[in-house]
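All remarks here apply to the structure that follows.
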């Protein structure tokens with residue numbers, strides 16, 4: 001009946017917060033601070049329940065249950081974004097556009113994430129040899145997703161220039177896709193192909209799919225989390241199931257059971273994220289939270305003091 005707090009549980013809790021960071025990217029600029037706080041409380045609670053069901057009932061390994069954070073956070077955030085949607089968001093607001101200084105800091109953040117992603121994918125793996133396998137595979141997959149991001153960013157640009165949005169997001173897509181099977185891939189080329197596919201999907205999604213899909217679904221994905229986390233994590237989950245089928249092809253009983261369990265865990269995360277995101281978005285639309293008007297979307301002055309903009313400064 002006691003709550004045990006140790007280094008492992010603290011690490012798991014910190015990594016679970018990734019869901020909130022991802023979801024925030026989908027509604028950034030459209031929610032006030034109180035809405036974000038309550039969204040964080042509800043999302044972490046539901047994701048903890050999701051992990052408990054996956055580990056205790058479906059017998060999913062602990063580190064794999066945490067890797068569902070990418071999938072959960074992306075689709076949770078998209079459902080909240082759907083509830084906060086307004087038709088005027090189809091036109092990109094001036095304050096939503098990036099600036100050179102913001103791009104520079106965003107790329108700096110991407111660089112730190114790129115460096116430490118192998119630790120994220122391997123930190124909770126108990127076996128030492130599998131931990132090193134996960135680290136190596138993560139570097140392989142990140143390298144090829146970066147190559148894909150740069151290559152397709154130039155290819156999809158009208159003037160043949162790099163898009164900072166593609167570089168900031170698609171370079172990380174490979175690490176997202178690998179999370180489920182980081183320790184199970186024994187051949188480097190598999191990880192490299194996965195990274196290439198994830199980076200390609202991410203760039204092509206942002207370049208061509210986003211401008212048509214978002215208005216059709218009535219969502220506004222501020223930071224493109226669907227193409228950085230949503231689609232790559234789905235790809236990674238499918239590849240994980242395929243690898244299980246390949247590794248247990250000689251044992252049909254284990255083959256069917258293991259594949260079914262993994263598909264069940266993936267479906268559980270997807271369904272819970274969509275339902276809880278819808279419920280959270282419904283709650284956040286209540287007048288109690290004083291939702292900012294559409295004219296104040298992406299306006300930092302509503303929440304922060306800017307002395308240089310003060311009258312008489």
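Quick reminder: no glycine exception, Cβ is built from N, Cα and C everywhere.
TrEMBL tags one of the stretches 225-245, 288-308 as transmembrane segment, and that stretch is 225-245. TrEMBL lists transmembrane segment for one of the ranges 105-124, 165-184, namely 105-124. If you count C-beta pairs under 8 angstroms between the transmembrane segment (225-245) and each of 66-85, 105-124, 136-155, 189-209, 265-286, the highest count goes to 66-85. Across 36-54, 105-124, 136-155, 189-209, 265-286, the stretch most heavily in contact with the transmembrane segment (6-29), judged by Cβ pairs under 8 Å, is 36-54. Long-range Cβ contacts of the transmembrane segment (265-286) within its own chain (Cβ-Cβ under 8 Å, at least 6 residues beyond either end) map to 23, 31, 35, 38-39, 42-43, 46, 49-50, 53-54, 58, 60, 64-65, 68, 71-84, 237, 241. Beyond the ends of the transmembrane segment (189-209), by six or more residues, the same chain brings 137-138, 140-149, 152-153, 156, 163, 165-166, 169-171, 173-174, 176-178, 224, 226-228, 231-232, 235-236, 239, 243 to within a C-beta distance below 8 angstroms of the stretch.
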